[in-house]
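Listed features, source TrEMBL:
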- 119-142: transmembrane segment (TRANSMEM)
- 131-371: domain 'G-protein coupled receptors family 1 profile' (DOMAIN)
- 149-176: transmembrane segment (TRANSMEM)
- 182-206: transmembrane segment (TRANSMEM)
- 226-249: transmembrane segment (TRANSMEM)
- 269-288: transmembrane segment (TRANSMEM)
- 320-345: transmembrane segment (TRANSMEM)
- 351-373: transmembrane segment (TRANSMEM)
Amino acid sequence: LLFSRAFVSVVHHGAHTDVTELQNRRPEPRTPVRVSRSVKREVSHLVLSLFHRGPALMNPGEPEQLSHALHVKETSSSLLLVPSSSWLETHHQAFDGNLSLALSASDASLDFHINPWHVMLLLSGTVIALENALVVAIIIYTPSLRNPMFILIASLATADLLAGMGLILNFVFQYLVSSQTISLITVGFLVSSFTASISSLLAITVDRYLSLYNALTYFSEKTLHYVHLMLVGTWGVSLCLGLLPVLGWNCLDDASSCSIVSPLRRSNLKLLASSFFIIFFLMLSLYFKICQIVSRHAHQIALQQHFFSPSQFVATRKGVWTLAIILGVFGASWLPFALYCLLGVREDPAVYTYATLLPATYNSMLNPIIYGYRNSQIQRSLQMLFCGCLPNRTGYRSRSPSEV
């Protein structure tokens, strides 16, 4: 049959057979008949000879011989040649009249296009999941890391770990198991994870402020009670916001109400963006108060010692720069996407959404570096882990977030 396809190409392009003359030979169309084996052998033999010599070197009379091979009997009115190879590209060549030469095949070529933005989000989610999984494992298996500060860092790492897994699952479900229900669940999972991540950052900021404002009573049961309340509030609010699109607050039934992040409604996305700005301004005000407390403490120490030592100045400046880096990374990562959630419309190009969403995921990639790997106790646990040593069960001296 493959030879027959090549034969048709020769007839139309190499031999220049007069199709119009062939059409006029039959007065009326009739049903196609099966081609006999002898005709197939004859066509195959002629095509093989043409493959060796080329259509330009055909002997005289071969075009008529090829055309004669097509006319099986007087009862045959058309010939249908169907190659069975599924990977062939479909072609249909039909002529009006009683002669019909058609090549048809099932087109199994896959038009599988992957969005490059989805690949970048997948890579970002993979790195986020690996980084934060290591932080969570270290905090769980290190007995000394049990104070409120590390509990909140573990909450942040868990939220970012879930966000990374959500990005990976979103890619898998989008290309393998595409459905509206799975899309709603994935979007709700991502909303809950990123909301928990941002809320955990606010909880860490509150904890740092309390460690400076109530330095004498920080290591008490009251502080641990506050931390548990913040954890319950953080994850409770995040779970509720993630369930809203799943429970019906979506735009599947009304496409005109969709936002730049389908299937979230514009009102839902504006609520999330407004919540981000509230958290951002709370963090900004708390870090400003932290800077004031640190400066006042440094000034009081300098008055007691009658001079401001260079080491104290360096430590104070380092603390201020650390706070500036924390706020700068958080704002640079999330502010573009939050602003676009408020100002963008559904008709805008999708590239704007991806270009602002991708940097937002980098915040979850940098959080374990800022809050985890820079910590001396976590660094010591990492050294034990990679050196193959067992963690020290004696425990380290507990340090407050202000010292960290």
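Residue numbering: from 1, along the chain as shown.
The backbone N, Cα and C atoms fix where each Cβ goes, glycine too.
A Cβ distance under 8 Å defines the sequence-distant neighbours of the transmembrane segment (149-176), meaning residues of its chain 6+ beyond its ends; these are 114, 118-119, 121-122, 124-133, 135-136, 139-140, 182-183, 186, 189-190, 192-194, 196-197, 199-201, 203-204, 207, 211, 227, 230-231, 234-235, 238, 361, 364, 367-368, 371-372, 375, 377, 399-401, 404. Ranked by number of Cβ pairs under 8 Å to the transmembrane segment (226-249), the listed stretches 119-142, 182-206, 269-288, 320-345, 351-373 are led by 182-206. Under 8 Å from some Cβ of the transmembrane segment (320-345) lie the Cβ atoms of residues 198, 201, 259-261, 269-270, 272-274, 276-277, 280, 283-284, 287, 290-291, 294, 352-353, 356-357, 359-360, 362-363, 366, 370, all in the same chain and six or more residues away from its ends. Averaged over the domain 'G-protein coupled receptors family 1 profile' (131-371), the predicted model has a pLDDT of 87.
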